[in-house]
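Feature annotations, reproduced from TrEMBL:
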DOMAIN    245-502  domain 'GP-PDE'
TRANSMEM  62-80  transmembrane segment
TRANSMEM  100-129  transmembrane segment
TRANSMEM  141-160  transmembrane segment
TRANSMEM  180-198  transmembrane segment
TRANSMEM  210-231  transmembrane segment
TRANSMEM  515-537  transmembrane segment
Amino acid sequence: MPVTRLKLGKLKVVRRQLLQRYEHQPFVSCLAGLYGCQWRRYQRARAQPGECCCSKVECGSFGLLILTFFLSFVFLYFWSEAQNDYNDFDWFNFGNLGFWFPWSLVLLIVAAALFTYIALLLVLAVCLLSEGQRLYLHWSHKSGIVVTLAFSVTATAILSDLWSKEWKTLLLSLQVTAPYLHVAAVSLMAILSWPIALHFFRMNKKVRQVAVLGLFLSVLFSVYLVPLGMYSPCIKEAGTLGPAPTLIGHRGAPMLAPENTVMSFEKAVEAGGEGLETDVTISSDGVPFLMHDSTLKRTTNIAEVFPNRTHLDASMFTWTELQQLNAGDWFLSRDPFGTVSSLSAADRSQAQNQSIPSLAQFLEVAARSGRLVLFDLRRPPHGHPYSQSYINTTLQVVQAHINSSQVLWLPSEDRDQVQAVDPDLQQTSGEKASIQELTDGHITRLNLHYSTMSQQQIRKYQSVNISTNLYVISQPWLYTLAWCAGAQSVTTNSIHVLSNINKPLFLMTPEEYSLMWILTDVVSAFLVTAIFIFHWWRERGLPFWSGSRQTHENGPYSKFRTELSDVWSVSSVTVRPDLRSIPNSPSTPHLPTITEE
C-alpha cells in the first residue's frame, strides 16, 4: 500500500474519532450548564485517567447530594404511604391552628418537588461522570441541596414524634411494594454500573479500584439478597385466599356526604356497605345523638348560632339547641376529601341542609336496610345529668329501634351488665387479649387499628369464631393487605371505592415470587458483567466488531485528548501531486507533505 494511502487512512480515523467527540459536546455542554452553569467549553475540565473526578469540596457536595437523595426519598415514600390518614392529619392541624387547610396535600407536593429536583441533579452528575467530566456544582444548587436535606430531616423528625404509628404503616406498605422496590433497586444498580465500571478501569491506583469495586459489589449483593427478609400475606398458595372483607362505613360515607349525618349513612348503604359505624354521646336532657368530637366547632356552625359556647362540651347542649345547628355547610366549604366537585347539584343541596341526627334516627336507617351497627359511646363529663345512667339510656334506645343482633356493642364499661340485659348484642372489644379472656367476656368480634394487622393473630382468633374488624382503611393497597391477611371486615371512609375492588391489587404464589426474584437478579448480574467487560475491552483498545467490518478503536481516554478546535479540519486536506509517485517502501524516511486547500 502506498505511504500516502496509509497515512491518509490514519487521518480519516483521527477525523472520525474527533467528530464523534464533537458530536457529544452539545450534550456535555447541556449537562455541565444545568449542573454547574458551565455553558462554555473553556469553563469545563476533563478528568484525566487515574485522576479524581472532582476536588475535595466537590466530592463533599456529591456525597451530600447522594445522602439528600436517599433521605428525601425516604420521607417522600413515608408520606405518600400515609395517605390513608391524611384526613386525620388535617383535622389535627385544624384543632391546633383553628382554621382548615389541606396541609397533608401541600406537604406531599413539596416533598415530591424537592425529591424530583435532587434526583435530576444526581442524574446530571452521573451523566457528567460517564462523559469523563470533572464535577462542579453551582452554589445555587448547593443551597438547594441544603434546603432539601433540612426539610426532609425536620419533617421526618416532627412527624415521627407526632405520628409515630405511621412508621408501622410504612412497614405494612413494604409487604405490598417491596417486590417492586426490589426490582427498581436492582435496575438502579445496573444503571450505576456503567459510570462505576468506566472509572474503575481508568484508575491507576489499586487501592481505589479495590475500594470502589468492593463497595459497589457489597451493595449489589445486599440488594440481591433483600427478598430473603421479605414477608407478605399476599404471597400465598393458589386457592388459599379467603373472601373479601365486608365494608363498614366510617361515620357513613364521609367522602360523599357530611360525616355522621343521615345523608352520609344512606350514601354508605347505596355504595354497598354492610355495616355503619358512628360515635354516640348524650345531650344534657337525655337524648343520645351522633357526634365524634368533644366539641361542636368542627362539624357545625356553632360559632354563628352560639358564639360564646364554641368550646363547651357537645353533651352540655340540650337536644333542642342541637337541632338549631347546621351539620352540612362545613363539608361543602372545607371539602375535606376533595370530593365535593364530584357531587351532583342535588347532593350538594341535600348536604347543605343536614342536621345532627339522634341515635334513634341512625338506627332506623340501619334497621330499614338490614345493616350492622358499630358505635362507640362517649362518657359525659363530670356533672352531666346522665353521667351515671348514659349506658342504660342508650341501651333503651337501641332495644326500641333495631334488632339487637345487628348491633356490635363496643363500649367496654359495664359490659357484663349489658350482656345480662341484652344477650343478643354482638359484644365487640377494641383491645387484643388472650382467647380465654375474650371468650369469658362473650366477645365475638375485635375492632382493631389497621397498624396492628397480623395474619397469625387473625387466624388464631378466627379459629375460635372471633372475627376481626380493622379500622380505618381507605386506601386500596391497605384493603388488599387486610384481605390477604384474612380480616373479616374493615371500617372505611372510601366505601364507594373499595366496594369496586374485585381482587387484591397484589397477589402471587411463592413460586411466582421466587421466579420474579431470581430472574431479576440473574438479568441484572448479566448486564453488570457485560458492562464491566465492555469497559475493560474499550479502555485497552482491543479490537471489536462494528457491523460486518472489523476496526481498531483505542479507548476514549487513552489517546486523542486534544480538543477539536486545536486540530486541523481533516476533511479539507490534500496530498501534493509530486508525492504520489513515492514508491511503496517501508523504509521511506519522511511523511508526505500535507497542505490545506
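Any Cβ shown, glycine's included, is placed from N, Cα and C.
Note that the coordinates shown come from a computational prediction; the quantities given were computed from them, not determined experimentally.
By the Cβ criterion (distance under 8 Å, sequence gap of 6 or more), the transmembrane segment (141-160) is counted as touching the transmembrane segment (100-129), at least 3 such pairs being found. Contact count against the transmembrane segment (210-231) (Cβ pairs under 8 Å) is highest for 180-198, out of 62-80, 180-198, 515-537.
Residues of the same chain lying 6 or more positions beyond the ends of the transmembrane segment (515-537) and with a Cβ under 8 Å from any Cβ of it are 179, 182-183, 186-187, 189-190, 193-194, 197-198, 200-201, 220, 224, 227, 508, 544.
The average pLDDT for the domain 'GP-PDE' (245-502) in the predicted structure is 95.
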